[in-house]
Every structure is written in C-alpha cells, then in structure tokens.
Amino acid sequence: MRGTEWREARDRVAEMFRKAGIALTPSELEKVEVADFGLGNLAVQGLQLVTYINTDRYCAKELALFPHQTCPEHLHPPVGGDPGKMETFRCRWGKVFLYVEGEPAASVQAAVPPGSEAYYTVFHEIVLTPGEQYTIPPGTKHWFQGGPEGAIVSEFSSTSRDEFDIFTDPKVERMPVIEFDD
C-alpha cells in the first residue's frame with residue numbers, strides 16, 4: 001500500500017469518527033492502522049483500526065469499515081497456553097454484517113467480494129446497529145462487512161495477537177506494509 005492511500009484512508013476514518021461523535025486524539029489519528037491484507041483493494045477487502053490498549057490481559061480497539069468494505073474470513077487460534085482471542089463487537093455507528101460459524105442465513109445481506117467466494121465459508125448472520133453487540137468465542141471463523149454508510153465497531157477482547165490470525169484466503173497478509181512515497 002502506498003503512503004498516499006494510507007493518508008487518504010486515515011482522513012476518511014477521521015471524518016467517520018467526527019460524524020459518529022467519537023473523539024480521537026491527534027496521536028491516535030497518526031497511528032490509525034490501515035490494513036489492505038496484501039490484497040491491493042482496500043475499498044473492497046480492508047479494515048482500519050485504532051488500538052487504545054493491548055496488554056497481556058486485555059485489548060480495546062475501534063474498527064472502522066468503509067461502505068461495503070469487508071474484513072476477510074479468519075479465526076484467532078490458540079497461542080501457547082492461551083485459547084485464542086475472545087472478542088466482543090459493539091456497533092457504535094452505521095451497520096455491520098457479521099458472519100460466524102453456525103446455521104447459515106437463508107439470504108445473506110452482505111456481498112462476498114467478487115473472486116473471493118471460495119474463501120468465505122461461514123454465513124450465520126448477525127446484523128449489528130448502534131448499541132448492539134455480539135461476542136465471538138476463541139477459534140471461531142468469522143468475517144464482517146460495513147453497511148451502506150460504513151460502520152464503527154468497538155472491540156473489547158482478550159490479548160490481540162493479530163500476527164497469528166489464520167485467514168481462509170492464503171493470499172492474505174495480516175500485517176500491513178506501507179511504502180511512503182514522500
């Protein structure tokens with residue numbers, strides 16, 4: 001990902017948080033993580049994150065999804081003696097379509113990214129609007145997509161070890177690489 005794309009995404013995130021009435025400090029805005037998952041199409045498969053804290057006991061983040069942007073299917077595996085990350089998603093703004101293991105929805109509201117259909121395998125649908133939340137157990141495959149306006153989701157979890165996430169799509173690279181051009 002180019003530095004200009006990161007800056008544009010960060011600026012969009014800042015505007016989304018302003019519209020949602022969620023304050024971020026200048027320091028937090030400078031540290032927005034923009035993940036295109038190495039797939040090169042941030043608008044379709046990507047995620048923007050602000051990590052408030054991540055210790056060996058707990059983690060708190062904000063996840064920002066642009067309209068119809070999808071975080072690819074993945075799970076949080078056991079690491080050492082830890083059973084894997086347990087996380088609660090609480091929608092703060094917009095709408096998010098969350099898909100987990102379980103009985104598939106008769107009609108899925110989100111759109112699986114074209115060309116990636118083979119890598120989306122769970123379709124138990126949870127739709128979150130502001131104030132609603134859902135807890136994802138450790139080791140559970142899941143993926144999520146922003147609604148028509150996008151979404152801001154607060155994540156409360158056990159320790160986050162994103163570098164160990166297992167994605168269904170083997171092309172995904174979880175840790176973003178940014179090439180600054182200035």
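Each Cβ is built from the backbone N, Cα and C atoms, and glycine gets one as well.
When secondary structure is read from DSSP and collapsed to three states, HIS142 (Mn(2+) binding site) falls in the strand class. Counting every protein chain shown, 21 other Cβ atoms lie within 10 Å of the Cβ of HIS142 (Mn(2+) binding site). As annotated by Swiss-Prot, Mn(2+) binding site applies to HIS74, HIS76, GLU87, HIS142, with the evidence given as similarity to another entry.
In the structure as shown, the Cβ atom of HIS74 (Mn(2+) binding site) sits within 10 Å of 20 other Cβ atoms. In sequence order, HIS76, THR135, ILE136, GLU155, PHE156, SER157, SER158 are the residues of the chain that are 6 or more apart from GLU87 (Mn(2+) binding site) and have a CB within less than 8 Å of its CB. Secondary structure at GLU87 (Mn(2+) binding site), taken from DSSP and collapsed to helix, strand or coil, is strand. Cβ atoms within 8 Å of the centroid of the Cβ atoms of HIS74, HIS76, GLU87, HIS142 (the Mn(2+) site) belong to the same-chain residues LEU75, LYS85, ILE136, THR140, LYS141, ASP165, site residues excluded.
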